[in-house]
Structure formats: structure tokens, C-alpha cells
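In what follows, a single structure is set out as C-alpha cells and then discussed.
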Amino acid sequence: MALPGELWAELPAEKRIFCSVLLFSWAVYLWEAFLAHRQRRVYRTTTHVPQELGQIMDSETFEKSRLYQLDKSTFSFWSGLYSEVEGTMILLCGGIPFLWNLSGQISGRAGFGPEYEIVQSLVFLLLATLFSAVTGLPWSLYNTFVIEEKHGFNQQTLGFFFKDAIKKFIVTQCILLPVTSLLLYIIKIGGDYFFIYAWLFTLVVSLVLVTIYADYIAPLFDKFIPLPEGELKQQIETMAKSIDFPLTKVYVVEGSKRSSHSNAYFYGFFKNKRIVLFDTLLEDYSALNKEPAGEDGENEETKSKTKNKKQGCKNEEVLAVLGHELGHWKLGHTVKNIIISQMNSFLCFFLFAVLIGRKELFAAFGFYDTQPTLIGLMIIFQFIFSPYNEVLSFCLTVLSRRFEFQADAFAKELGKAKDLYSALIKLNKDNLGFPVSDWIFSMWHYSHPPLLERLQALKDAKQE
């Protein structure tokens, strides 16, 4: 009687590859489900404010955040299970080669034969993203209009949601299809060193997109308004100047049109930096803190009322949050992340060049007679690299938490420890963040340190 190891060795290489991909995918899913189960247990059992949180969180807010995160976790379980089953069925039923052949039929009817591989690849990509958008739509609707609505965060109407979704799909295709066609062309004509040219191309594309996103892409979805002249703007400019941050403009984005969640970020290269504040972050600016104007003044696209008024941050707290964000720039975190990203990108393209000639990789996913470049990219980057991607993701999460502590310490050096302390509490309350977490779940998932750890570090700084 043959042992399992012997039976495995007797399988064709393509079968071993396929089974390994499928088994690893389910192993990752089960690991994630195990972590989520541990965290849901925390949500269910921690029903009273722990003693160490008594001074910073009232019982009503604690209960609201507990129920919100429990609903989100339950939703994530079912959507994750569906996604895993869907992906498995696509692989088992030959969904990828089926869609590729369908793309060939469509492009063939348009007069493009099999020799026009790039055209067929673009049709495949369009159909694949359309399928993903359609199958993901019910989940997105439920998340927005049931969970976010229930807990007072959703500010969208159904019409606004669909208009936004269609707009996102169109903009995505306008970027994705031309970039993919050029990448495939570079790989085709690049010769033995195509991976270098492909990496350089993706580097240029990523830098261009980062440069134009806030000025040309983001305004298609949200309204950006220059921060009015006043005390806050003057204080922001003074702080930026004190650390030699080359600030050119400060914007407020009307994030309250779609959600009550708050945020702030900066963008731009070299001497052209800009800061963006969500209106939900500002105590005196957000429409969420104002009474609705009545039927005549109601925005047709967004709701005029919200279930929970958000308190936002005072000017000094906004400055503390920005001090943290600018700390990422001053400490070189942004540059370090770009370098890590590009090193990873180069390594992946190099390994892709090594593996692309392996016919068994294509055969494992139903491509026995052809080896399309786009399919090769999908197989290698999405499936073959999945173990590496999981390890890299965890390492980046650990690094991100380290960067967050360093940025908090930088804000402390600016004299903002007290204000950042109160701002973190307010933002956690406004966004219904739950301050208690399972240690393994937190270690694996949290790109930001848990609230209590950040507050303790700032508390020590305040005492100093």
C-alpha cells in the first residue's frame, strides 16, 4: 500500500502545483477565521469597560463600539467565506481558462485573432473586473446600508452609492487597461532583461499616479476645498515651517458626504507637499456637527441627518494629529515604504522572469496549449507568490506599528503629547474603535498599535 508521500510524488507536477495552491489558500483562510473567532470572542465577552479604560471611555460609547465591531466581524466572516468558496469554485471549474476563451471569442468577433494576445488580455481583464464588481456589489450594499447605516456612519443615498460605484469602475478601467497593455507590450519586446524594464515602468506609473491622484482623480469622487484663512491654517503653516515641511496648500475634503469616519493625510513630491483634512476631523467645520437646513437645503445625494453627532477635534488636537502625520515624513517613513515596495516589486518581476517559462504552471490552471503573459502574471503573482505575500504582509504590519510609535514620539517632541492623547481618544470614540483586542489578532492585523499602548506611551511622555 502506497504511503501518502509516495502518492503525492506520483502526481503530475501540474496537479501538485494546483493542489498546493488550493490547500495554502484554505490554510490562510482558516488561520484568518481562527484569528477572527478569537477577536469576536473578545467582543462578546468584554461587555463592561475595563478598569484601565474607565478614565477615557464611558460605558455608552464602549457598548456602541463593541456592537459595531461585532457586526463588522460577523459580516467579515460571511463575506470572507463566500470569497474563499467562490475562488475555489472558479479554480475547480476552470473559470480562468473559460473566461480566457470567452475573451478570445469576443475579440475574434471584433476582428482580432489569436495573434492579438494583448487585445484578448484586455477583454479578459475587463470581464474579470466586471465579474468581481458584480459579485461584490451585494456585500458592499449590505455593508454600507445595513451595518454602516445601523451604527450611524453611512451618509450616502442609494443613488449616490451607485453613481459612485459606476464612476469608480470607469476610472479604474481608464487607468488599468492602458497600463496593462503597455506592461504586456514591454514584457513581450523586452528580451532577456524584460523584468528590469517592467519594474521601471511600474515604478514610473506608481509615481505618476501618486502625483496626480489628489489633483485629478480624487476630486472626481469628493469635493476638495482650500482650508479657509484663519487661526487653524496659520498654525498648520507655522508648524510645517518649523520642521521644514515644504507645504504649498491645505485642503478640506467633504468626506461627510459618504461617511462619518475621519482621516488626514499629506501627499506630493519634493517641494510640492499638500495636506488634506477630512471635514469629519474638524470640530468647527464638519457638516455632521451642524443642524440640517431643512427640506429646502437638503442635499439630494446625501442624508441631511446623522444618528450620532461626531465631536471632531479642536484646533490643537488637529495640529497634534498633523504633527504625527508629518512625523512620518520627517523620519523618512514614506521614503522607506517606497524603497521597500520597489525592492519587493523588482524581486517579484525577477522571479516572474525565472518562472514564466515553466509550462507546468500554466497547465496547473488549465492552460495546456497556450501561455498568455497576463495569465502568467496572474498565476505567479497571485497564487505562486501567496506564501511569500503572507510573510511580507505580516512583516510590513510589524514595521508599520513601529513607525506609528515613532511618529507619536515625534509629535511629543513638538510638544503635542497632551493634545495627541486627547485626539486619539476622540478619534477612537468618533469612529467607534473598540480598545480591547486579542493579542494574536492584534499582532497579525493591526497596522497601528492598540489604543492603550499608544496612550501609555504618550502618558509617559506627558509625565516626563
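Start at 1 and count along the chain as shown; that gives each residue its number.
Here the Cβ of each residue, glycine as well, is placed from N, Cα and C on the backbone.
Together with HIS324, HIS328, TrEMBL lists one candidate of GLU254, GLU390, GLU404 for binding Zn(2+), that being GLU404. For the transmembrane segment (374-399), the list of distant contacts is 17, 21, 24-25, 28, 96, 100, 121, 124-125, 180, 184, 340, 344, 348, 351-352, 355-356, 361-362, 364-365, 367, 443-447: same-chain residues at least six beyond its ends, Cβ to Cβ under 8 Å. Using a Cβ-Cβ cut-off under 8 Å and counting only residues 6 or more beyond its ends in the same chain, the transmembrane segment (15-35) has close neighbours at 8, 77, 80-81, 84, 87-88, 91-92, 360-361, 364-365, 383-384, 386-387, 390, 438, 440-441, 444-445. Each of GLU325, GLY327, HIS333, PHE403, GLN406, ALA407, ASP408, PHE410, ALA411 belongs to the same chain as HIS324, HIS328, GLU404, is absent from that list, and has a C-beta within 8 angstroms of the C-beta centroid marking the Zn(2+) site. For the binding-site residues given as HIS324, HIS328, the lowest number of other CB atoms within 10 Å of the residue's CB is seen at HIS328.
Cβ neighbour density within 10 Å is lowest for GLU325 among the recorded positions GLU325, GLU404.
Distance between Cα atoms for GLU404 (Zn(2+) binding site) and GLU325 (active site): 9 Å, as a whole number.
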